[in-house]
Amino acid sequence: MEVDLEPKVLDTSSMTEKGYEEFGCSHYRRRCKIRAPCCDEIFDCRQCHNDAKNSIEIDPFDRHEVPRHDIKRVICSLCDREQDVQQHCINCGVCMGKYFCSKCNFFDDDVSKKQYHCDGCGICRIGGAENFFHCDKCGCCYSMMMKNSHKCVEKAMHHNCAVCFEFLFDTTKEITVLPCGHTIHLECVREMERHSQYSCPVCSKSFCDMTRVWERLDRDVASTGMPQIYQNRRVWILCNDCGENSEVHQRL
């Protein structure tokens with residue numbers, strides 16, 4: 001009887017690919033879950049925790065979010081082994097996320113998002129590092145197309161969206177920068193446009209060309225008769241768009 005003494009070569013590539021895109025949640029495709037250090041409960045991801053712990057059913061005093069940098073333990077989705085944060089499972093060897101950031105404790109199998117870690121922001125972003133730059137004054141990342149043209153607004157995204165009040169800095173929704181420099185969700189801007197609102201909700205400056213609108217209003221005002229008592233009265237106005245004061249005839 002012959003005995004095969006040749007060493008067996010373990011196919012590590014098949015092991016690391018096992019379960020690819022079969023696990024995860026509505027936020028991310030990944031092969032691990034997290035143990036939230038704040039409440040010691042297990043969730044598919046940080047966003048799942050935040051959604052669950054900030055729902056209307058939760059007592060307002062108990063609502064909270066998990067700090068991404070405080071996550072220390074993960075659970076492999078294939079073998080259920082709990083372990084310290086790392087890309088490959090120490091038990092079955094599976095890759096728990098093709099994209100892995102040890103600074104953010106973040107895993108994601110969908111690398112088509114072109115994730116990258118920004119040290120200036122302190123978090124991971126999507127879109128490819130080559131397509132964005134970090135503005136130290138604004139404290140956030142912008143498209144390279146805006147590098148020499150954007151208006152700096154200190155901590156531009158470190159606040160809530162002026163329409164839906166969701167915190168912008170780490171939102172997963174698409175953000176746009178208005179000409180005035182203020183930031184807002186793109187879908188919120190589109191919703192404003194559907195309701196004929198074309199000015200920044202923060203500073204009231206127009207975010208699109210309003211020339212034709214102003215011309216139409218001027219014609220309407222000129223065609224509207226004024227009572228005799230107001231015909232020669234003049235008032236000072238402040239333009240929201242240019243910031244200039246002007247003295248004009250009073251109109252109703």
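Heads up, the Cβ atoms here are built off N, Cα and C, so glycines get one too.
Whatever TrEMBL says is automated annotation, not expert-curated.
Given the structure is predicted, the values throughout are model-derived calculations rather than measurements.
Quick look at what TrEMBL lists:
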- 18-94: domain 'CHY-type' (DOMAIN)
- 96-160: domain 'CTCHY-type' (DOMAIN)
- 161-204: domain 'RING-type' (DOMAIN)
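Within the model, the domain 'CTCHY-type' (96-160) shows a mean pLDDT value of 92, rounded to a whole number. Packing against the domain 'RING-type' (161-204) from elsewhere in the chain are residues 27, 47, 121, 123, 140, 142, 146, 150-153, 210, 213, 240: each is 6 or more residues past its ends and has a CB under 8 Å from a CB in it. Under DSSP, the residues of the domain 'CHY-type' (18-94) split into helix, strand and coil as follows: 11 helix, 16 strand, 50 coil.
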